[in-house]
């Protein structure tokens with residue numbers, strides 16, 4: 001069983017913001033694999049289904065970003081999911097829009113959602129898919145809570161699709177296969 005987590009902040013005012021790209025990828029996975037995200041529990045909204053004949057749980061924590069680990073820990077403990085089978089998808093300001101980076105472990109890199117998950121799981125060993133949202137010119141908080149432009153959204157469609165495909169690759173094959181296949185990903189469209 002796999003737990004696939006998209007990080008973001010709850011509420012419509014955060015829709016289409018850079019910090020919520022994880023939620024957008026989860027929504028895309030939900031659509032592609034016909035998994036309804038309609039249950040509320042574990043400090044989040046979630047749904048259960050199958051990808052590549054493996055049972056998966058799609059989770060969007062509703063704790064706000066900085067407390068995402070509370071929700072992840074509750075689901076992982078309840079379903080007895082090992083850390084290696086927890087895939088976390090989130091925004092990365094160190095990557096250009098249209099890029100992905102997949103890692104099997106590592107530090108939080110300044111991302112408070114990841115910091116919370118590492119603290120709650122007591123390990124930094126869990127797969128993550130970082131979706132590039134570009135570098136801020138000035139205020140970091142304003143930038144990550146800012147909305148994407150129309151041009152950026154066009155490029156991100158490709159990133160979201162690639163992130164969705166990389167989740168399936170991790171589940172069907174393994175993290176190394178996904179890293180080899182997707183770490184060089186660059187959207188065809190650019191800004």
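Heads up, residue numbers simply count up from 1 along the chain you see.
Just so you know, glycine gets a Cβ as well, placed from its N, Cα and C.
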Residue from 34, 38, 112, 120 that Swiss-Prot also lists as binding tRNA with 14, 64, 66: 112
Of 9, 66, 112 (the recorded positions), the residue whose Cβ has the fewest other Cβ atoms within 10 Å: 66
Among the tRNA-binding set 14, 64, 66, 112, as the record gives it, the longest Cα-Cα distance in Å: 16
Around the Cβ of residue 64 (tRNA binding site), the count of other Cβ atoms that are within 10 Å: 15
Those residues of the chain, 6+ apart, with a Cβ under 8 Å from that of residue 19 (active site, proton acceptor): 7, 8, 9, 65, 91, 144, 145
